[in-house]
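Peer 1: Before anything else, here's the structure in question.
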Amino acid sequence: MARRHIDPPQDRRQNIRETNPNENTGINHNLSVDDAIHDDVTSLNSIVNSCPQPPSMKDMVKIQDQNCRFMIAPFKYDPSFPHDIPKPINDSNNYDDIWHVDYIRMPCSPQYMANNGHPMWQRICLALNQLKQKCENKKANFRDLKTPPLLRQKSNHSLTMSQQQAASLLACSFFCLFPTIYDEEKQHENFQEPNFHRLYQKGPPENIEKLKCILHYFRRITETMPSGIITIQRYELPKESYPNWSNSKTGLSQLCLTKEKKIEDIKNVLQVDFANKYIGGGVLGSGCVQEEIRFSISPEMLVSLLVCEVMQDDECIFLIGCERYSLYTGYANSFQFAGDYRDTTPKDNWGRKWCHLVAMDAIYFRVPSTQYQKENVDRELIKAYASFRPLEKESGFEFGIATGNWGCGVFNGDKELKAIIQLMAASEARRPLIYAAFNDENLFYSFIKVYEYLKQHRATVGDLYQYLEEYSTKYKDMTLFNYILQTLPSSTKK
């Protein structure tokens, strides 16, 4: 069965309507910039500077967890020798083939056969003679690869590889070498199509711009192969860890709002990917909004399309250490490649760039009014909390979160509802929140006003949940923020 092609909703390529700053919401916008970053509303720098270096991990050699899969030998990054390259695990000094439903079916597998019964790899090598020469010159060597395992639903597995190994996999995707027909059980329906062939077909102009980003990545790595490491980690929130939202006494986290910065430009934080449940969304098709743009400027993230099964409601996917290579301008149908980007972020002790990204998918509301229903609010809360909960129990992993209008735009989410949901999840996870209300002055000032009101009345996460329950029958009459400003938190009424 062929892997799934993901294209966004039909109107996803259109410009996303921003809220009119002059729209009458009943909220006073007469706040200065200073008002936006004083007292309870935290400055961006105070959050970003609280963790200037990436959190330290347990040494690889000490990792005994079978859920952590490595394609490299134990490696420890030494800043004194920044160009040391991780060594691939190569137990047999030959390509290690595993043709199995729980592993990537590699194009060089001897079990990948053409219709005439001959191995496909022979045909591939003949057709791509230049690639074959590079392999022989050890610029890209399939013997450096163990067959990567798939990260299936509910597995809580991680996969760690070198940037060079990621480049080899992406080269296969670029040349459309991965088998697209699998087993009769259709077990690969839940995975994205990793080959790039749809990008080469007739499509919107922004597809050319995405290709420019990807070609720029290949130019960069063929000039100088990066020496770092990336990790793709799947996480399922255990049922016993679900918060009791209605009874939560947790206070609200620090909050910073920014109108100027994009999420990917905010350093030293967990950056949120407004993901499709099939990670990457329409990046290899016609999609060109937040997730697709992020994967285009950081192409190592595309490896996740190859290994990650579709996400369930209580799951998220972390991408750690992926380097950024491109600048860009515009958004959706105005997106354009804008040149080279040099990523100077520091590395952790594993050799991964200080870049932590979490892919979390929101519900697409065909009927927008259904998003206020309790079951849908609860689902979005669990998705956000699973994504915001610190990955490790050790100190140093409570660094800030950079997010924005998750699940809005063509997914029809209410910006105010999604803002409150994410504030609740970050607060329950006890992490500061940076909210990028990019060029949306109405949301910027109204969220500040609501947050300061909630802090003034010492509102808890449980209070916010009560607001959402009550608002489910009032959304036709007023905005959520206006409802909150007109209603005391339930805990103050007792």
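Note that Cβ sites are derived from N, Cα and C of the backbone, with glycine treated the same way.
The active site feature in TrEMBL is assigned to Asp273, Glu291, Glu292. According to TrEMBL, the substrate binding site annotation covers Asn276, Gln290, Tyr331. Annotation source TrEMBL lists compositional bias 'Basic and acidic residues' at 1-16. For 17-29, the entry in TrEMBL reads compositional bias 'Polar residues'. Annotation source TrEMBL lists domain 'PARG helical' at 123-234. Taken from TrEMBL, the feature region 'Disordered' applies to 1-29.
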Peer 1: Give me the CA-CA distance between Asp273 (active site) and Tyr331 (substrate binding site), in Å, as a whole number.
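Peer 2: It is 15 Å, counting Cα to Cα.
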Peer 1: Which one of these active-site residues has the most other Cβ atoms within 10 Å of its own Cβ: Asp273, Glu291, Glu292?
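Peer 2: Of Asp273, Glu291, Glu292, the one with the most crowded Cβ is Asp273.
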Peer 1: Measure from the Cβ of Gln290 (substrate binding site) and count the other Cβ atoms within 10 Å, all protein chains considered.
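Peer 2: Result for Gln290 (substrate binding site): 24 neighbouring Cβ atoms inside 10 Å.
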Peer 1: Check the DSSP secondary structure of Tyr331 (substrate binding site), expressed as helix, strand or coil.
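Peer 2: Note: Tyr331 (substrate binding site) is coil by DSSP, not helix or strand.
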Peer 1: Helix, strand or coil: which one is Asn276 (substrate binding site) in, per DSSP?
Peer 2: coil
Peer 1: Average the per-residue pLDDT over the domain 'PARG helical' (123-234) and send me the rounded value.
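Peer 2: Within the domain 'PARG helical' (123-234), the model's average pLDDT equals 84.
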Peer 1: For Tyr331 (substrate binding site), just count the other CB atoms lying within 10 A of its CB, please.
Peer 2: 17
Peer 1: Counting across all protein chains present, how many other Cβ atoms fall within 10 Å of the Cβ of Asn276 (substrate binding site)?
Peer 2: 25
Peer 1: Could you state the whole-number distance in Å separating the C-alpha atoms of Glu291 (active site) and Tyr331 (substrate binding site)?
Peer 2: 11
Peer 1: Can you grab the distance from Glu292 (active site) over to Tyr331 (substrate binding site)? Cα atoms, rounded to a whole Å.
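Peer 2: Per the Cα atoms, Glu292 (active site) and Tyr331 (substrate binding site) stand 10 Å apart.
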Peer 1: Which state, by DSSP, holds Glu292 (active site): helix, strand or coil?
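Peer 2: Reduced to three states, the DSSP call for Glu292 (active site) is helix.
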